[in-house]
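J.: So Swiss-Prot has the following annotated:
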BINDING   Gly611, Pro612, Thr613, Gly614, Val615, Gly616, Lys617, Thr618  ATP 2 binding site
COILED    393-527  coiled coil
DOMAIN    6-148  domain 'Clp R'
REGION    9-73  region 'Repeat 1'
REGION    85-148  region 'Repeat 2'
REGION    343-551  region 'Linker'
REGION    561-772  region 'NBD2'
REGION    773-872  region 'C-terminal'
Amino acid sequence: MQPTNPNQFTEKAWEAIAHTPEIAKQHQQQQIESEHLMKALLEQDGLASGILTKAGVNLQKISDRTEQYIQRQPKVSGNSTSVYLGRSLDTLLDRAEAHRKDFQDEYISIEHLLLAYPKDDRFGKGLFQEFALDESKLKNIIKQVRGSQTVTDQNPEGKYQSLEKYGRDLTEAARKGQLDPVIGRDDEIRRTIQILSRRTKNNPVLIGEPGVGKTAIAEGLAQRIVAGDVPQSLKDRKLISLDMGAMIAGAKFRGEFEERLKAVLKEVTESGGNIVLFIDEIHTVVGAGATQGAMDAGNLLKPMLARGELRCIGATTLDEYRKYIEKDAALERRFQQVYVDQPSVEDTISILRGLKERYEVHHGVKISDSSLVAAATLSSRYISDRFLPDKAIDLVDEAAARLKMEITSKPEELDEIDRKILQLEMEKLSLQKESDAASRERLERLEKELADLKEEQRTLNTQWQSEKDVINKLQSVKEEIDKVNLEIQQAERNYDLNRAAELKYGNLTDLHRRLEATERELSQTQGTGKSLLREEVTEADIAEIISKWTGIPISKLVESEKEKLLHLEDELHHRVIGQDEAVTAVADAIQRSRAGLADPNRPTASFVFLGPTGVGKTELAKALASYMFDTEDALVRIDMSEYMEKHAVSRLIGAPPGYVGYEEGGQLTETIRRRPYAVILFDEIEKAHPDVFNIFLQILDDGRVTDAQGHTVDFKNTIIIMTSNIGSQYILDIAGDNSRYDEMRHRVMEAMRNSFRPEFLNRIDEVIIFHSLDKKELRQIVQLQVERLKARLDDRKISLRLSDVALDFLAEVGYDPVFGARPLKRAIQRELETQIAKAILRGEFNDGDTIFVDVQNERLSFSRLPVEVFSS
């Protein structure tokens, strides 16, 4: 048979035949024989390889034998490029045609070509005998692969074993112990089994938020099927997870995707209810593969789902269910909903305890029970935009991975010594070139130091290696225990009770003894001195990971805050001068809240700061952020003068749907979602439009607000401060006259009531009035500002000293009761900082000098102090 007509062959078969002349030319041969076709088939990595692998043939070996046979054939030298068909290939194609007729196929396919080889006297017969393959064995394997399919088009290979190609057998994975244990979720699994046992519409769809464990329920069902813990209707069934991505990938031509899907569905229905299909992210089925006028995958599924021919479990999130499946009422009615809710913190702890062993074996570390409790409680409290148990499992996983990374990388102490040795070695090399006495003396000292360091390095290296070896030994023992437990389960499933008992009371007991001995060895190794490696995940590790995720300082999560809260007032007094009443009121409110006496559903504290400009309102907010949350970055400052129009409220919580900027979220809500622990400063609130205050009502009362995209943003851990200049003229009127304080407070509060609505004022914890500053307080502020300048000069190793007269001079120059401390800042910049900068640039002061500042002729004078004066 001359292979001249590609229409007689399937695409893959013709591809292999068309490749044979190329192979012959590569080997300088003019005659194309059956061995060239075999090489082409093996290089294809398609159906031929699959059939031979199923027959137990080593593909590498058969490929090598074919190559060796080709190499032994005569070669033709010269420039001739013509090749012609050999007799063996001609007769092989005739036999393939005969097999096609036997199978009642329309085209010659790969399997027909393979079946023709056992009778190929030239090459195939000997090759197949060597690998113990005959025609009947090949036919049986081909029937297994093809099932009931016949070759009716030129691409039949895509439909063979389509479930194997586009699906993952979850029951097989459960049998091999590849799935994580599923703890709890009994109600959801029972309801799923109940729906699967119906006669028609036996298709449950698991819907719930991302990360609550929908896929885990399907895996739990697979584990129950394997354990036989299911009703008769599901006994010995296969649960296969369909990979929609693999089905769509590479479907180049119109209808190819539908063809693949039909092949999968045909295989499922022909199994006679033996296969249950699981489609994760089932919303991808709606609209998949639909081009102009073509049917989508959802419509192909509908008839089978309604008749009960196909048992299918779907899983999707609430948003996607609403967006895709609810729109298609015909598809929705074929699925029965199983709602999967987020587990409670207690249930999450149980889930983590069940998974603990898996993670310990994978990472080779120990995970303490307290760290599991911390992961569940802290993630529930601080990570509000994700769901349990997923976020808690992620925390434990990342903390264990971080610890594993520490174990495998060099300890910090050892790394420091290595770097020090390297530095000294380089110094030694340069000193060896010098011949003076000082250099030789330094060289001797250096060599002694090097010898000591190398000795310490050797000791630490030995300790690190021994600790690492024991930890690795621990991991391998745990892995063996895991394997033996899996073997015990398999033996019990097969009712091989002798084997199960032998493993349980023999191998497993020995392994547990080895585990205890290794743990003792580790504690002895680490007990000899300071341990270099930790092998247990603790609460602190979990807290550190949460801190990295959310930006919440670790001290908030782990350390006791009592000390911090007790010293809060003192700390604020250091930074905010002259506002004792304000500082005390703020500290009291926060201490009340943190001690658990305040309402937990409201912000930690909310204040309105009233007072003239420059008296420390913003400074107190900064000091509070810095002390409570360890960084001034925790201060979220929103200037209310930018919210003077009614529509500006959309900038705080995000633009409504349909408006430009809807996707971006709001300035306030997005910031607090990313950093839930913050001090929020609304500056100059009297300048905002009255409608903007409506948003404050729910923040101050319920501690939460819903943004334009429907996310609930939690304000319960924030401290809210609003500043205003309302009534500042009354405060300035009584500057220094404490006898009129009550009268002034009454007038300021009256001004507040005239400007703001009662429902807003009623929700604020405290209205705090700031006094104007007098000269004595300004002098203290001068000292504070000078301390900051000293810190900046420290970088240049320059010291700064000011006489009392100089401090008084700066306080006098910067005193302005109307503008508070701001003119003082400008005076210090003008009189002190600028003059020092100019003197340094002129070269009057150098690094390491001490500058003494005094007053001469009603101006500041600058002089260099001798070192001995300073040291005395």
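Note: Cβ is positioned from N, Cα and C throughout, glycine not excepted.
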J.: What is the Cβ neighbour count of Gly614 (ATP 2 binding site) at a 10 Å cut-off, with all protein chains included?
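T.: Gly614 (ATP 2 binding site) is surrounded by 21 other Cβ atoms within 10 Å.
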J.: Give the residue counts of the region 'Repeat 2' (85-148) per reduced DSSP state, in the order helix, strand, coil.
T.: 44 helix, 2 strand, 18 coil
J.: Relative to the Cβ position of Pro612 (ATP 2 binding site), how many further Cβ atoms are located within 10 Å?
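T.: Pro612 (ATP 2 binding site) is surrounded by 22 other Cβ atoms within 10 Å.
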J.: Would you list the DSSP helix, strand and coil counts for the residues of the region 'Repeat 1' (9-73)?
T.: 49 helix, 3 strand, 13 coil
J.: Would you mind giving the whole-number mean pLDDT across the region 'C-terminal' (773-872)?
T.: 76
J.: What does DSSP call Lys617 (ATP 2 binding site) in the simple three-state scheme?
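T.: DSSP call for Lys617 (ATP 2 binding site): helix.
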